[in-house]
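> Before anything else, here's the structure in question.
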Amino acid sequence: MENRSLVTIAEHSKEKILYLLEMAKQFENNPNRKILDGKVVATLFFEPSTRTRLSFETAVNRLGGRVIGFSDASTTSSSKGETLKDTIMMVSNYADLIIMRHHLEGAARYASEVAPIPIINAGDGANQHPSQTMLDLYSIQKTQGTLENLNIFLVGDLKYGRTVHSLLMAMRHFNPTFHFIAPDELKMPEEYKIYCNENNIKYVEHTDFTEDIIADADILYMTRVQRERFTDLMEYERVKNVYILRNKMLEKTRPNLRILHPLPRVNEIAYDVDDNEKAYYFQQARNGLFARQAIICDVLGITLDDIKE
Amino acid sequence: MSEIRQALQVAALKNGTVIDHIPTNKLFTVVSLLGLEQMDSKITIGYNLNSNKLGKKGIIKIADKFFDDEEVNRISVVAPHVKLNIIRNYEVVEKKEVNMPDELKGIVKCANPKCITNNEPMPTLFKMVNKENGVFKCHYCEKELKKEDIVLLQRRTL
């Protein structure tokens, strides 16, 4: 059986990405279909994540499929010591597809190798979260009209931010110019800068976060600067208010600028930004539904032609 | 006279493989890596022998056993400069060196405690990403591993 699982977006070709985005667009036009009628999808969340799980479950429900699963490994036989492989094999008897989130890196990759049904990675430790990247790409494409030649500003925790790393890698096909804005302790790791060099991705680094610096941005992708990530707490105290976006800072920005955030937002985007038309983070979350519908269908072998109305 | 005696310390092979120039401190690791304890072949192991190149070296002679590249390249992880002599009918018919393999299956431990391979009964898998600097990447958690940091798994799982 050809493995249609989605473990990481890093190996997807440009054509594949654009194809999935096209499918997502079809679903935005009409997210309520019967294409998954008769299918059972298992959402196995060994590690809780309400937002991602609800998004995936809604995606299945609105396509006419049924959902089984669990949202926390402590209530399952994993707590009795059952191996991941055994759990996957057991659930494969019941479902047509498994969507899984696990705290260990590589769990989804391993599951995709042992399971007789497809696996969608909904997050494996600090490693990959491909559906988030898909919805980020969809949001960028939708608001900018294209993915090509954009100025994308990544702000906040660029060291541990799984979503920014994944977005960086997916955007390599589209000739972006990245601006990295982060405190020294959380700056973009060397391996990703090497990745940029190897893939001809232009980037500029900043430590300041001011309205002048962001004036040329097409996309402003905010992430949270977490206290727990700092080894030097005095450094944290120094920077904790620097990487906060306030409405005033948006005065000189381009009209097409959109502000993205993978959520949950704590204090890195001030509440006065929410009413600005450039704030896009809630619509971004909604796009997650369509992106995930596209992913689910593709993984089950349903094509763009099958779903075109 | 003493030269001849030294040479006779290790018996000649009719057919088989000689692994020579093993750094002496890596000898037993190489024995374990190749799974020699489980073989039925006649094996001669030399330890702390004199070597012009290395000072001290180890040597392994395995009768009637020929290794394929995959088995032999595993050795490069602990001893990259060993030399193999393939013997047929008392003659050296082929000399081989070991090369860094493109994949390491089931022999190296992942340094990431949060990798699935350290928490589930399964073999590890590393792929070579930088031949020049000897850098591998875990196929599962995608973290990189430099050749200097390689730790062998205690028991081979293949």
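Glycine is no exception: its Cβ is also placed from the backbone N, Cα and C atoms.
Sharing the record's features from TrEMBL:
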- B:8-98: domain 'Aspartate carbamoyltransferase regulatory subunit N-terminal' (DOMAIN)
- B:104-150: domain 'Aspartate carbamoyltransferase regulatory subunit C-terminal' (DOMAIN)
- B:Cys110, B:Cys115, B:Cys138, B:Cys141: Zn(2+) binding site (BINDING)
> Helix, strand, coil residue numbers for the domain 'Aspartate carbamoyltransferase regulatory subunit C-terminal' (B:104-150) per DSSP?
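Grouping H, G, I as helix and E, B as strand yields 6 helix, 17 strand, 24 coil.
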> Are there any residues in the same chain, six or more apart in sequence, whose C-beta is under 8 angstroms from the C-beta of B:Cys110 (Zn(2+) binding site), and if so which?
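Listed in sequence order, they are B:Thr117, B:Asn118, B:Thr124, B:Phe126, B:Cys138, B:Tyr140, B:Cys141, B:Lys143, B:Leu145.
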> Summarise the domain 'Aspartate carbamoyltransferase regulatory subunit N-terminal' (B:8-98) by DSSP state, stating how many residues are helix, strand and coil.
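Helix (H, G, I), strand (E, B), coil: 23 helix, 39 strand, 29 coil.
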> Taking the Cβ of B:Cys115 (Zn(2+) binding site) as the reference point, list residues of the same chain whose Cβ is under 8 angstroms away and which are at least six residues distant in sequence.
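When sequence neighbours closer than 6 are ignored, B:Cys115 (Zn(2+) binding site) has B:Cys138, B:Tyr140, B:Cys141, B:Lys143 within Cβ distance under 8 Å.
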> Could you tell me the mean pLDDT over the domain 'Aspartate carbamoyltransferase regulatory subunit N-terminal' (B:8-98), as a whole number?
88
> Give the number of CB atoms, excluding that of B:Cys138 (Zn(2+) binding site) itself, located within 10 Å of its CB.
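I count 25 other Cβ atoms within 10 Å of it.
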> Could you tally the C-beta atoms, other than its own, that fall within 10 angstroms of the C-beta of B:Cys141 (Zn(2+) binding site)?
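Excluding its own Cβ, B:Cys141 (Zn(2+) binding site) sees 26 Cβ atoms within 10 Å.
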